[in-house]
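Here the structure comes first, spelled out in structure tokens, and everything after it is commentary.
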Amino acid sequence: MKLLVCTLLFLIITSVTSDNVYIVYMGGKGTSKSGSLREDQARLMYSLQNRTEAKLLAAEPGVLSVFPDKTVPLHTTRSWTFLEHQHYFGDSISATSHSGSTANGSDIIIGVIDSGIWPESKSFADEGMGPVPERWRGTCEETKDFPASSCNRKIIGARNFDKHNQTCRGFFGHGSHTASIAAGAAVAGVSYYGLAAGTAIGGSPNFRIAVYKACQSLDCSESAILAAMDAAIHDGVDIMSLSLGEADTDIRTDPVAIGGFHAVEHGIMVVCSAGNLGPTSSSVVNFAPWLTTVGASSIDRQFVAGVVLGNNEVIKGSAIQFSHLCESPTYPLIDGVLAKINGSKDSASRNCESGSIDFNKIRGKILLCFNEDKGGSFKAVEIIDGGGMGVIFIDDDLNIEPNTDYPNVTHPISAVRFEDGHDILLYMHSYRNPTATILKSETILGYKPALVIADFSSRGPPALAPNILKPDITAPGVNIIAAWSKVESRRAIPGKDLPDYVLESGTSMSCPHISGVAALVKSQHPTWDHSAIRSAIMTTAVQKNTAGAPIRKLPGLQKATPYDFGAGEVNTAQVTNPGLVYETTAIDYYNFLCNYGYNLSTIRLIAKDIPRGFSCPKDADADLISNMNYPSIAVSKFKHGTQRIVTRTVTNVGDEEDTVYTVTVDPPASKYLNVQVIPKKLHFTKENKKQSFEVIFSTDYPYESPVFGWITWSNDQHRVRSPFVLTVN
């Protein structure tokens with residue numbers, strides 16, 4: 001075997017008889033008497049000189065797991081302004097930042113593990129920034145196309161771990177996009193070919209960025225992710241931001257969970273995207289409790305593509321496109337049923353499904369299609385390439401969440417609501433020769449309903465850990481404009497210059513929003529650990545949209561639940577002043593691993609500094625995960641006629657040292673569930689900043705669907721709100 005990479009946590013080796021790459025996870029401690037993990041690694045490599053089978057490594061002392069290197073998918077600006085106004089329609093009773101803070105965030109370093117960076121983007125300019133923090137231990141890896149000048153006081157470090165492209169430069173724009181969302185400098189006059197015009201800005205222009213390239217295009221190798229996280233720990237980042245990940249059956253072979261555990265042990269907060277596998281239930285990834293997991297929602301900006309009918313009626317549609325059609329309604333209008341191919345079912349042609357449309361009937365015409373099968377972007381390509389002049393989709397969901405996976409932004413398309421679609425059909429049935437046109441997109445602000453959970457955003461509960469509520473939080477992730485690569489042409493209009501900024505959607509975009517918020521909290525509370533910061537983000541979140549109504553979700557605009565948005569939408573107005581925080585300790589995580597099913601010897605390999613005397617509870621069970629001191633509560637296998645008690649401890653971090661918090665439970669009464677909190681009041685003093693309470697759940701009625709609710713602790717200044725969910729399975 002041949003050594004490829006040797007880091008603090010693992011070896012990456014390749015077989016001498018093949019190109020197969022294996023990750024050898026050494027856990028948190030070595031086994032040699034000297035306690036040196038480097039000595040253990042050297043001994044292991046010496047012993048392997050004549051071996052060719054990676055599976056033999058698993059029997060070596062000090063080896064926790066051996067697994068083949070795989071690829072992990074990336075989770076593919078108005079948004080910050082939108083977040084600043086959350087408290088106007090949320091449940092907050094205080095929107096005051098922490099009064100004692102004067103920090104500006106200049107020493108906060110966000111490590112972005114992604115596809116590299118385009119350093120020439122104006123979002124990464126360092127004008128007005130002070131010297132790089134003295135504690136920084138990172139480096140700027142130079143190549144011919146990434147000279148030393150690529151790093152500055154904004155991009156303070158760059159390392160490459162992508163074996164396919166030996167440079168930190170991000171030719172695929174994803175890494176630049178996420179980095180600029182988290183910590184981009186303010187850049188005025190930004191737009192995507194005139195759409196979404198305004199000032200692009202990250203969480204703070206003073207935050208620093210450290211770049212760790214682990215991905216090429218949409219794929220990231222697990223070995224590169226682990227190596228990047230290991231380097232970020234060494235370099236001294238404060239926040240890790242990872243817009244990537246996939247489901248795994250074993251935490252010991254999940255690179256984000258492994259690297260994240262060691263990052264948290266070193267005082268680093270790890271923020272991850274929840275995945276783009278929604279709306280399927282139990283699709284959330286990055287579920288380990290030491291990770292902060294982020295879902296995606298829309299903002300109040302919409303891109304309108306108007307439809308003008310032959311009777312001069314104008315229908316407001318939605319799309320991101322730059323139509324070349326005449327503004328006058330001169331193009332014949334036909335629907336899918338009239339354009340169907342012989343033998344096609346009406347249900348298929350009504351939705352313009354592939355193979356159901358006769359292209360001879362649509363040539364030179366605009367086609368009206370329902371989009372019940374959600375294949376809009378692919379159908380548009382087929383229809384227009386087949387001779388159609390444009391496509392109008394009838395779909396409430398597309399009207400709210402325009403598809404940014406546009407294969408050609410010059411294709412004239414528009415999505416209209418169902419009620420408007422029926423108006424178009426009525427017009428078509430009323431005129432012998434109906435006509436229409438589709439206008440190019442324009443930007444509107446203040447669109448309602450805003451704050452809708454995206455269709456693609458992965459949902460809870462975690463399939464492998466239903467006693468954790470994930471995602472933790474939600475942030476903007478639909479049509480976010482941010483920096484891009486100047487060589488990536490997929491988002492370009494043919495014949496025009498490549499864009500500096502593009503619109504992208506995904507939990508990849510929501511993750512760096514929370515990374516930026518976490519950096520903001522860290523800048524004002526430098527002694528807080530990752531769990532206090534996460535708690536502040538979660539317990540100050542809002543659960544209402546811009547109309548003051550409950551948050552809705554796609555598809556269908558149904559009422560969303562904590563399985564969709566976690567604790568709610570992040571509220572930047574109050575996040576630095578939460579009042580109380582739930583601190584999740586290392587012991588909580590050790591007990592989680594016990595209850596998850598690992599024995600103590602395995603946990604000792606995973607953990608770096610497990611205290612002497614710690615042992616797994618004799619009654620370790622997955623149900624006990626509910627007792628982890630987390631800002632949310634999830635209880636599974638809760639049958640009627642039973643009772644379940646969970647405990648929590650909160651710490652007073654508010655300015656009021658002597659204060660009393662009172663609890664409320666929402667809903668206060670339920671046919672299916674009784675909730676009792678003991679005690680009902682918590683009295684904090686200067687000498688006693690921590691208080692514990694019990695939550696007793698009981699039910700005498702059978703139920704099938706999950707039951708959701710909220711526990712809120714309030715005083716005159718703060719409202720500390722936590723979701724709970726109980727399921728029968």
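Yeah, the Cβs are placed from backbone N, Cα and C, and that goes for glycine too.
A TrEMBL annotation is a machine prediction, not a hand-curated record.
Some features that TrEMBL has for this protein:
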SIGNAL    1-18  signal peptide
DOMAIN    105-545  domain 'Peptidase S8/S53'
ACT_SITE  Asp114  active site, charge relay system
ACT_SITE  His174  active site, charge relay system
ACT_SITE  Ser508  active site, charge relay system
DOMAIN    627-725  domain 'Subtilisin-like protease fibronectin type-III'
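Locations of recorded TrEMBL features on the structure.
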| residue | record | Cβ neighbours (10 Å) |
| --- | --- | --- |
| Asp114 | active site, charge relay system | 29 |
| His174 | active site, charge relay system | 27 |
| Ser508 | active site, charge relay system | 29 |
Helix-strand-coil residue split for the domain 'Subtilisin-like protease fibronectin type-III' (627-725), DSSP-based: 1 helix, 54 strand, 44 coil
Mean predicted confidence [pLDDT] for the domain 'Subtilisin-like protease fibronectin type-III' (627-725): 94
Rounded Cα-Cα span from Asp114 (active site, charge relay system) to Ser508 (active site, charge relay system), Å: 10
